[in-house]
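Engineer: If you scroll down you'll find the structure; I have some questions about it.
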Amino acid sequence: MGQRLSGGRSCLDVPGRLLPQPPPSPPPVRRKLALLFAMLCIWLYMFLYSCAGSCAAAPGLLLLGSGSRVAHAPPALAPGPDGTAPRLPFQAAPATPLAAGKEPAEGAASQEEQSPETPDSPSSISSFFSGSGSKQLPQAIIIGVKKGGTRALLEFLRVHPDVRAVGAEPHFFDRSYDKGLAWYRDLMPRTLEGQITMEKTPSYFVTREAPARISAMSKDTKLIVVVRDPVTRAISDYTQTLSKRPDIPTFESLTFRNRTTGLIDTSWSAIQIGIYAKHLEHWLRHFPIGQMLFVSGERLIRDPAGELGRVQDFLGLKRVITDKHFYFNKTKGFPCLKKAEGSSKPHCLGKTKGRTHPEIDRDVVRKLREFYRPFNLKFYQMTGRDFG
């Protein structure tokens, strides 16, 4: 080993006998930076995953008003007499064609139903997870009633991190049933485990085929009905149609089949929808009363947190939406949420909600209240709740 070759080099220095050398190890600083970067990526993923649900529970600003401005006024429905109300069978109006002036009113209402307000665009976090989860058939449906406050209730519920709902009204069980459940499911948003899928279509409540169709989909479906003083609801319904068709007849002329005798025209949908007891009878043939929740549209305005608490309990959800979420908009005359689901900006329902009602003859209003009173009492008896 100690021999020297010519030129004074050791045998270990001969090129043909060079031993392989291991690669140089990376500097310690570089290894630490790589480890830190990997930890940051894992932490960021976990943070975004948790925010996808919990960030939606932050307080928001949303106008409560599927109805008109008079909805926040104290309900003027006259109280019924003491004691149990007699069970009054509903006498359906004969299936006669509507008056010429009422046909455009129906058409105009349908047009507006087909063009519901578009919710805010989802946040970047929501978009990040839009491909997560799976599409499910709804476990809960807001089935009615039109001009009762259904849009506000749905938007309130969408603030809850465990509620996912389609924004537009699907109208599956009344208009598109022939397209099949696969088509219906595809309309739904994706949900993660533990989340509830919901939709709202107010016309289901007055569609005779809807109860059996929803029951065929799932007998466990939870149903929510938002009701409102039927007289105010009818005027609000007419106001919506009037905004689309200013040439329709007056509310007074559409209300009566015979103004002289005071016979109410129950074939007009604005009147017929408010006969809640009649429609509820169809639903109770397919669903137990305990599987239905009846929300007061008036109380939804006076005490939104209280009414939302009942809804969250009914759906088996933690009470995330509370008093701290609400703000009263003095200009609109409605309570609001500080921000809507999927948005960091204040949001109120559009100006189509809260229209000013036309002045209606007081005698017409009085006769309508007399007409609805027995049906209201029957409805209170069926639901076990006096809506006043």
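From the backbone N, Cα and C atoms, a Cβ is placed for every residue, glycine too.
What TrEMBL records for this protein is below:
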- Lys147: active site, for sulfotransferase activity (ACT_SITE)
- 111-120: compositional bias 'Polar residues' (COMPBIAS)
- 121-133: compositional bias 'Low complexity' (COMPBIAS)
- 138-373: domain 'Sulfotransferase' (DOMAIN)
Engineer: Count the other Cβ atoms sitting within 10 Å of the Cβ of the residue listed as 'active site, for sulfotransferase activity', across every protein chain shown.
Structural biologist: 29
Engineer: Would you report the average pLDDT that the model assigns to the domain 'Sulfotransferase' (138-373)?
Structural biologist: 92
